[in-house]
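Features as listed in Swiss-Prot:
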type	residues	note
BINDING	His83, His182	heme b b562 binding site
BINDING	His97, His196	heme b b566 binding site
BINDING	His201	ubiquinone binding site
TRANSMEM	33-53	transmembrane segment
TRANSMEM	77-98	transmembrane segment
TRANSMEM	113-133	transmembrane segment
TRANSMEM	178-198	transmembrane segment
TRANSMEM	226-246	transmembrane segment
TRANSMEM	288-308	transmembrane segment
TRANSMEM	320-340	transmembrane segment
TRANSMEM	347-367	transmembrane segment
Amino acid sequence: MTVIRKTHPLIKIINHSFIDLPAPSNISSWWNFGSLLGLCLAIQILTGLFLAMHYTSDTATAFSSVAHICRDVNYGWLIRYMHANGASMFFICLFLHVGRGIYYGSYNMIETWNMGVILLFAVMATAFMGYVLPWGQMSFWGATVITNLLSAIPYIGTTLVEWIWGGFSVDKATLTRFFAFHFILPFIITALVLVHLLFLHETGSNNPTGLNSDADKIPFHPYYTVKDFLGVLILLMAFMILTLFFPDILGDPDNYTPANPLNTPPHIKPEWYFLFAYAILRSIPNKLGGVLALVLSILILALLPLLHTSKQRALTFRPITQTMYWILVADLLILTWIGGQPVEYPFIIIGQTASIAYFTIILILMPIAGMIENNILNLD
């Protein structure tokens, strides 16, 4: 009798994706982050669903409804902090996942990579709108500042901003629609994830050598299911330590003050995972220029396949580009730090230097390094 997992129309799909999937025998723990991101998405959808049962998207009651969840709902505090810190864990995994993709040249699987870039934008949009929902000071002013950036678009900017706001300022209409979008987007993200996996399984996974691994494949289960489970345990341990011992460490104290349109906080800043992009935005004095730089700081990922000059796929055996890569990582950490600092000397000039370095390394230095390495190895 044929095994049901190989014949049943539905189970067969799961079998080909997670059980009998041929996987390279040498993929390292850097390949764990895909499954960890799936776990993060599941946690966010579940905790978000329970929060939505008690939350009210009205400017008069939004803040107090979040307080009510934390004080009066059974384990409401846990659900709320799991959701808030779950977003941070999500972005940590995302950044590591993208970083792995850049290091090992996974961007050469163009459909999978572009789907991933779209996913990154979708997750960032979802997180931004979620941050607005508690209706604290930083929620309100963050929403005001970031949506107002669209007014830099020539001709249609002002109209577009008022259309998104549903009025002449961030108000009840804005909060209601942000809640609606924040609720629906994770399900759209789930659909996009399936497409991402569909494209990945067309080509098969990359591996640390960057070489073709068709000659040496092993089944996904039990090898990588067990390996992924170890990653899951480590992630959950870190997640629960963060949630139960340091729930507010990544948040902003200003968000415990109800939104007040008449009182601007001294330093408006987004959550930590947007600070690098916020620093790039602020480092350009011109409004439209800043917005373009902000979008390009993420969109530049889609250009990576075009900027790949090396005859080798991964950075494993390319010391010059490796050096550039780690300088880029350090540069992103500097940008993240600068994004949380006030706009004054010396932070302005550090931010501008780091922003120029970010684009220079990706657009100029890494492609040149690739060509130099080809020359050294006589690969051209």
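A Cβ is built for glycine as well, from the same backbone N, Cα and C atoms used for every other residue.
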Selected stretch (most C-beta pairs under 8 A with the transmembrane segment (113-133)) from 33-53, 226-246, 288-308: 288-308
When distances run from the Cα of His97 (heme b b566 binding site) to each of the binding-site residues His83, His182, His201, the nearest one: His201
Touch test for the transmembrane segment (320-340) and the transmembrane segment (288-308), at least 3 Cβ pairs under 8 Å: no
Integer Å distance between the CA atoms belonging to His196 (heme b b566 binding site) and His182 (heme b b562 binding site): 21
Entry from the binding-site residues list His182, His201 having the most other CB atoms no farther than 10 A: His182
Which of 77-98, 226-246, 288-308, 347-367 contacts the transmembrane segment (33-53) most, counting Cβ pairs under 8 Å: 77-98
Long-range Cβ neighbours of the transmembrane segment (226-246) (under 8 Å; 6 or more residues past either end): 29, 32-33, 35-36, 39-40, 43, 78, 81-82, 85-86, 88-89, 93
Spatial neighbours, same chain, of His196 (heme b b566 binding site) - Cβ under 8 Å, 6+ residues apart: Thr112, Met115, Gly116, Leu119
Cβ atoms near His97 (heme b b566 binding site) (within 10 Å, other residues, all chains): 20
His83 (heme b b562 binding site) CB neighbourhood, other CB atoms within 10 A: 21
Rounded to the nearest Å - Cα separation of His83 (heme b b562 binding site) and His201 (ubiquinone binding site): 30
Helix, strand or coil at His196 (heme b b566 binding site) [DSSP, three-state]: helix
